[in-house]
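Okay, so here's the structure we're looking at.
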Amino acid sequence: MASPRELTQNPLKKIWMPYSNGRPALHASQRGVCMTNCPTLIVMVGLPARGKTYISKKLTRYLNWIGVPTREFNVGQYRRDMVKTYKSFEFFLPDNEEGLKIRKQCALAALNDVRKFLSEEGGHVAVFDATNTTRERRAMIFNFGEQNGYKTFFVESICVDPEVIAANIVQVKLGSPDYVNRDSDEATEDFMRRIECYENSYESLDEEQDRDLSYIKIMDVGQSYVVNRVADHIQSRIVYYLMNIHVTPRSIYLCRHGESELNLKGRIGGDPGLSPRGREFSKHLAQFISDQNIKDLKVWTSQMKRTIQTAEALSVPYEQWKVLNEIDAGVCEEMTYEEIQDHYPLEFALRDQDKYRYRYPKGESYEDLVQRLEPVIMELERQENVLVICHQAVMRCLLAYFLDKAAEELPYLKCPLHTVLKLTPVAYGCKVESIFLNVAAVNTHRDRPQNVDISRPSEEALVTVPAHQ
């Protein structure tokens, strides 16, 4: 029996790993998040204007945010790339042989790209966004998944509420490239005829005929659900997420606590109280929220003194969430960047090399923070109007989710003090309004310096540190 290998600690993530032939051996857990032992193919099902693309985009954004490499494949976009000008609904008529041929070619081209992404490029989840309304088409896609070793999960969106369908048409389809420069009434009429082209051949997922498939059916954007044969952890995460999202119009307000005493001194972390300007900001925030006249607003804070002091000025009930606490800087808590460079120059350089994955000694990384904040995202998706009073790193993670930012961008998103970000979900994304509340504050944003080498001189390591007392 071979003797156990020696262990060494990864300097970036602080994870113990085997040491072999004088070098650390790369273990699967160091390569990235892996929640399934084989890739997953998510297949959308449903008539046009049922919110399939909305669901596809949200699901893709969520999975990428939690660290699961995911890509959306929209067959409609493949069709637009192949047929440069859209004329009318007649392209979708079931007896239009040329249209049928082109649409099949587009589906096959998309599936070929799915295969490349999942089998060659390291993808974990592909979302195949098309109508897929016939049992024959779904069987073809399922067989494609079987042949390539993928687990297939169907997501069907059924909608019979005419108001919801009409709203989908107005919101999404009239902004579609198919209807650029077309009269609104004419576009609506054409799109309704396009839906009719699919209705006669539409075969919904059936509890008897499709009992061996893994799927979720979503009725009228979340009024009820049918879930069948959830096969693994990633599918259960997908189901849980889809059962939490809604389309009710609302806004989410994100802001940091008022300026703290440690912000003034350029010290990170800790649990300080507000500075005089921070207390002034909390009064301005109270006035701003009052002026907005927001219906049924919920207010959330962390369990740290500075966010609670900020919320107290609002004179409204608020909930304290421990998971909203600032990133734990471990041994670097309450230090200035200059002190970190002086005491831990290697750590300071490693953090600049990969700020998202770098974990402070005895502390956290941004990657850890994202995992910690997932319950907050789930609850934000369930809620309507919410104000979250949090911290710089936490706000960056939440903002990255709503704005679909990559992990490399996330730690450098600008979240200045005394500024409220109003996020309003729209058709396929999020509208952002930045509102500065006219109270001066120190700058706490540090850009990545050009030189991130571990042997760099101190002045080059500290070149982007903001001014402080």
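The backbone N, Cα and C atoms fix where each Cβ goes, and this holds for glycine too.
Per Swiss-Prot, active site is recorded for ASP129 (among others), and the stated evidence type is sequence analysis. Packing around ASP129 (active site) is summarised by its Cβ count: 25 other Cβ atoms lie within 10 angstroms of its Cβ, all protein chains included. In three-state terms derived from DSSP, ASP129 (active site) belongs to an extended strand segment.
The active site annotation in Swiss-Prot covers CYS159 (among others). Within the same chain, residues at least six positions away from CYS159 (active site) with a Cβ under 8 Å of its Cβ are GLY46, LEU47, ALA49, ARG50, GLY51, ILE165, ASN168, MET219, ASP220, VAL221.
Feature annotation from Swiss-Prot assigns active site, tele-phosphohistidine intermediate to HIS257. All protein chains included, HIS257 (active site, tele-phosphohistidine intermediate) registers 30 other Cβ atoms within 10 Å of its own Cβ. DSSP assigns HIS257 (active site, tele-phosphohistidine intermediate) to coil in the three-state reduction, outside any helix or strand.
Taking Cβ-Cβ distances under 8 Å and a sequence gap of 6 or more within the same chain, the neighbours of GLU326 (active site, proton donor/acceptor) are GLY269, SER302, MET304, CYS390, HIS391, GLN392, ALA393, VAL394. The active site, proton donor/acceptor annotation in Swiss-Prot covers GLU326 and is backed by experimental evidence.
DSSP classifies ARG50 (ATP binding site) as coil under the three-state reduction. For ARG50 (ATP binding site), other Cβ atoms within 10 Å of its Cβ number 24. Residues or ranges marked as ATP binding site in Swiss-Prot: 46-54, 168-173, 348-351, 392-396, TYR428.
According to Swiss-Prot, the feature beta-D-fructose 6-phosphate binding site maps to ARG79, ARG103, THR131, ARG137, LYS173, ARG194, TYR198. Annotation note: ARG137 (beta-D-fructose 6-phosphate binding site) sits in a helical segment as assigned by DSSP. Residues within less than 8 Å, Cβ to Cβ, of ARG137 (beta-D-fructose 6-phosphate binding site) and separated from it by at least 6 positions along the same chain comprise ALA107.
Around LYS355 (beta-D-fructose 2,6-bisphosphate binding site), the C-beta neighbours below 8 angstroms that are at least 6 residues distant in the chain are TYR366, PRO411, TYR412, ARG448. Annotated beta-D-fructose 2,6-bisphosphate binding site per Swiss-Prot: ARG256, ASN263, GLY269, ARG306, TYR337, ARG351, LYS355, TYR366, GLN392, ARG396, in sequence order.
Annotation comment: Swiss-Prot describes SER29 as phosphoserine.
The region '6-phosphofructo-2-kinase' feature in Swiss-Prot is assigned to 1-249.
Summarising the annotation, Swiss-Prot assigns region 'Fructose-2,6-bisphosphatase' to 250-469 and lists a curator's inference as the type of evidence.
Residues or ranges marked as site 'Transition state stabilizer' in Swiss-Prot: HIS391. The Cβ of HIS391 (site 'Transition state stabilizer') has 22 neighbouring Cβ atoms from other residues within 10 Å, across all protein chains displayed.
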C-alpha spacing of TYR337 (beta-D-fructose 2,6-bisphosphate binding site) relative to ALA349 (ATP binding site), in angstrom: 11
Winner by Cβ contact number (other Cβ atoms within 10 Å) across the binding-site residues ARG79, ARG103, ARG194, ARG256: ARG256
Cα-Cα distance, maximum over ARG256, ASN263, GLY269, ARG306, TYR337, ARG351, LYS355, TYR366, GLN392, ARG396, record's beta-D-fructose 2,6-bisphosphate binders, Å: 26
Cβ neighbours of GLY269 (beta-D-fructose 2,6-bisphosphate binding site) where a neighbour is any other Cβ within 10 Å: 21
GLY46 (ATP binding site), number of other Cβ atoms within 10 Å: 24
Shortest C-alpha distance to TYR428 (ATP binding site) - which of the recorded positions ARG79, ASP129, THR131: ASP129
C-beta crowding around TYR428 (ATP binding site), within 10 angstroms: 15
Whole-number mean of pLDDT values that fall within the region 'Fructose-2,6-bisphosphatase' (250-469): 98
